[in-house]
Ligand SMILES: Nc1ncnc2c1ncn2[C@@H]1O[C@H](COP(=O)(O)OP(=O)(O)O)[C@@H](O)[C@H]1O
Ligand SMILES: [Mg+2]
C-alpha cells in the first residue's frame, strides 16, 4: 500500500510570535505531525555546551538533524523553531515566518518572564526581521511567506490559509 504524500511545513520566527499556538492547531486540523525542536532537544538532550550569556543550553544542530531526517523524508511534519538555517533546505515544501508588532511582542515576552537583555534582544530580533532574512537566505524565495500574528483573527486566518495550502499540495502530489 502506498502512503499518501504529505508536505513538510516550517513555522519560524522570533520567540513569542505564536509558532507553537499555530503549529499545534494546524496539526489538529491537518493530521500532520507537530514537532517542537526545543522540546525534541530537551527530551533527547541534544545539546552541545551552554550559553552563559543567555543562560541556556546550546542546540547540537547535527544531532537534531540526524534525529529528524528519516521522519522528514517521509513527509507530513510541521516543524516549530525560532531559527531556520540549521535545517537542510530539501526538508521543507513551505516556510512560514510569523511576524508580530514589537509592542505586542514585548508584552508577550514579558508575560513569559523575559527581562533585561533577553527581552530587549528578542524584540530587536523582530524589529530587524532577523529570522525573515535568515529564511530568505536559507530557502528559495518562492517558498518563504510572512504571516501577521498579532490577534486571534490573524491566528484564524493563518490557520485557514495554511490548511488550504496543505489540501491543495496533497491534491497536486497524490
Ligand atoms: N495570533 C495571536 N494573537 C494573539 N496572541 C497570540 C497569537 N498567537 C499566539 N499568541 C499568544 O502569544 C504568546 C506566545 O505564543 P507562542 O505560540 O508560545 O509563541 P512561540 O511558540 O512563537 O514562542 C502566547 O501567550 C499565545 O497565546
Ligand atoms: Mg514556542
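Note that Cβ sites are derived from N, Cα and C of the backbone, with glycine treated the same way.
Feature annotation from TrEMBL assigns ATP binding site to 16, 18, 19, 20, 21, 112. DSSP assigns residue 16 (ATP binding site) to coil, not to a helix or a strand.
The region 'NMPbind' feature in TrEMBL is assigned to 36-59. Along the region 'NMPbind' (36-59), the predicted structure has mean pLDDT 94.
Taken from TrEMBL, the feature region 'LID' covers 111-121. With a threshold of 8 Å between CB atoms, the same-chain residues lying at least 6 positions outside the region 'LID' (111-121) that come near it are 15-16, 53-54.
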Among 19, 20, 112, the binding-site residues whose C-beta sits under 6 Å from ligand 2: 19, 20
Shell of the ATP site beyond 16, 18, 19, 20, 21, 112, same chain only (C-beta within 8 angstroms of their C-beta centre): 15, 17, 22, 98, 108
Winner by Cβ contact number (other Cβ atoms within 10 Å) across the binding-site residues 19, 112: 19
Annotated binding-site residues 19, 21, 112, filtered by Cβ under 6 Å to ligand 1: 19, 21
